[in-house]
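**Student:** For B:1-13, the entry in TrEMBL reads compositional bias 'Basic and acidic residues'. According to TrEMBL, the feature region 'Disordered' maps to B:1-27. The feature transmembrane segment is assigned by TrEMBL to B:31-55, B:75-108, B:120-141, B:175-198, B:219-240, B:293-315. Taken from TrEMBL, the feature domain 'ABC transmembrane type-1' applies to B:83-311.
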Amino acid sequence: MRNRLVRAAAPAAAAAVLLAMCAGCSGGGDGEGTVTRGTLTGELTGSGATFPDPLFQEWMSYYSESIETRVSIDYHAVGSGGGIEQFLSDTVDFGSSERYLQESELTVAGDVRGCAAVQFPVVFGAVVIALNDDALDGLILTSEVIARVYDRQITHYDDPAIAALNPGMELPHEEIVPVHRSDGSGTTYVFTRYLTTEVGFWAEEYAEGTDIDWHADTLGGEGNEGVARGVTENPGGLGYVNQSYALSAGLATARVVNEDGVPIEPTLAATTAASEEAEIPDDFQFTIDDIGGDGYPITGANWIFAYECGYDDETAALLRDFWTWALEDTQADRFAAELGYAPMGRDLKERVIREIARVNSR
Amino acid sequence: MPPTKESKRDRPPAAEGGRPRGTPQRLGDRVFSGASTGAGVLILVILAGVAAFLIAEAWPALWADSEDVTGGDGIVLYIWPVLFGTLISAAFALVIATPLAVAIALFISHYAPRRVASLLGYVIDLLAAVPSIIFGLWGVAELAPMTVGPTEWLADNLGFIPLFDGPASATGRTMLVAVIVLAVMILPIATAVIREAFLQTPRLHEEASLALGATRWEMIRMAVLPFGRSAIIGGSMLGLGRALGETMAVAIVLSANRDIVSFDLISSANSSTIAANIALSFPESSGLDVNTLIASGLVLFAVTLLVNMGARAVINRRREFSGAN
């Protein structure tokens, strides 16, 4: 079974490698403000979400080649659920997930090493609505309309509800083919959580989750690639994918109306704006809801989990230094922007860096 | 698994109660008998280990409150639709593949010129080496769009048959495509097993029936098919085992929904299969969801075991009448 899973992950991993390589060649590499130090040693292993994997790989290879040359950091993109599992069973040094650890999981974590778990966000990402028809690029949608499309209440692009939002646009009488992820994914979680928060009937009928019970007349695709294929190969296709994937694949995307009634194009700046709009408590247990201003409304964060105790000094120093570097160095932010991820705002970064200091502090 | 048992069946009766009395034993004999006994025990230990792992990991899900299980309706209602999808996809794949495999095997063993036969046999063996993900990509990118037109016709004209109830899927990502892909995937192994049996049909049987005035088809019906019957069943069951456990191809091809139990092969609402569901859901599962998935794996394990035991029983019962001995 393990073998099958590895096989399942292989195409995703290959895509990640390609992405990382490509970013490497365009990135140049000589970022100012980065100094080769080589003072730390040791190995770090983490596992978790697939969504930030291309960025993490880029960060880790740059860090271990240009900053701390005597360390090795491994990240396994086994999925958010797998990341939580492996973190709670203490088989990795850090875990990563698209949702924060709930109280019940924090209680479990407290028993693992006899001290609390530390969790902090490191990067933001948006979920965008990709469209088959390039002529529809910039189509304006609301949460209500998106929910009704996925519930098959709205079946054509020239539906009055869509026409009312897009007065200037020529809408074809074409059937909408809604595409969703057929595998469990953090992208689905961010997307369905947004619809659950915003739309009453969605919360009752579908709710949120990494894998939900979709309407029978929607199309499933495996991974971002599968959804993108479903969108591009079917006339009338409409699906949700990671922002980073949509940017690299150059898909036509819809604008989504946020809390202030402004239709927002899914750009990285709009995602960063959303992260600044969000109210984030000191325990970093937050979701990014009710985004207004210039913020793009379907946005999620990626968390890193570590423990307050139980690391040897070498590992702890490396763990703290790596994540602090990822937040502080402008080169790290540049990688994020190139790969389609939104770095966090300055205030939030400072708070997170203070939180990172708690790792192995007891 | 079946091949190892096959050889046991053919073992001379003298070996049944261990080494025949009076045979001299050298070091080589002891080493070899130790090594083969060890290998035999090892496979049992591995099987028992897998079963123990599945039971231990599935245990919490089997006794959990039904609201806590994925989907909220209890473990039985979670597993039933995927079990149904597994059985129906494998069964129909077998329905398509078995007659084809028999026909191909017959062609290779009795109709084709020797050159063509060996080439064809080689090509079919090659088909078995194609990774399942390639079949999956072929199914989703090539086969699925091609089935849209024909399935619409089926829904319009043969809609009274529950299998073609429709409405036909507009994207072609249906159970029918999964079934065809699975049939192609199990074809090589089934053909290989059946072909070997047909080739071993005693020459004298064939010549006798021809001498009695049988046509070639009558000869095949009277001499070759009865001789190969247990191989046809055995080969099909090997294929069925592969179809039941196939993961990637199904996961890529099917656009599955939860809670669907339907014989309709061509609509857009399909049940998933156990293996595909595990592969798709496992990475994002934690806690009890993992136990639930492993419980479904335990069910698949049990089903595969039952299928193999059933096939063995059928083969053994038929053996005396097959003319194979």
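Residue numbering: from 1, along the chain as shown.
Positions of Cβ are set from backbone N, Cα and C atoms, glycine also.
Please situate the listed features within the shown structure.
**Tutor:** Long-range neighbours of the transmembrane segment (B:120-141) within the same chain, counting only residues 6 or more positions beyond its ends whose Cβ lies under 8 Å from a Cβ of the stretch, are 104, 107-108, 112, 173, 177-178, 180-181, 184-185, 187-189, 191-192, 195, 246-253.
Below 8 angstroms of C-beta separation, residues 2, 6, 90, 93-94, 97-98, 101-102, 105-106, 109-110, 186-187, 189-194, 196-198, 200-202, 205-206, 208-210, 307-308, 311, 314-315, 318-319, 321-324 of the same chain, each at least six residues beyond the ends of the transmembrane segment (B:219-240), sit close to that stretch.
Note on the transmembrane segment (B:293-315): residues 1-2, 5, 50-51, 54-55, 57-58, 61-62, 70, 75, 78-79, 82-83, 86-87, 230, 233-234, 236-237, 240-241, 244-245, 274-275, 277-278, 281-282, 285 of its chain, located 6 or more positions outside it, place their CB under 8 angstroms from a CB of the stretch.
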**Student:** What residues elsewhere in the chain lie close to the transmembrane segment (B:175-198), defined as a C-beta under 8 angstroms and at least 6 residues from its ends?
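**Tutor:** Same-chain contacts beyond the flanks: 85, 88-90, 92-94, 96-98, 100-102, 104-106, 108-110, 121, 124-125, 127-128, 132, 135-136, 138-140, 143-144, 147, 151, 224, 227-228, 230-232, 234-236, 238-240, 242-243, 246, 249-250, 253-254, 264-266, 270-271, 273.
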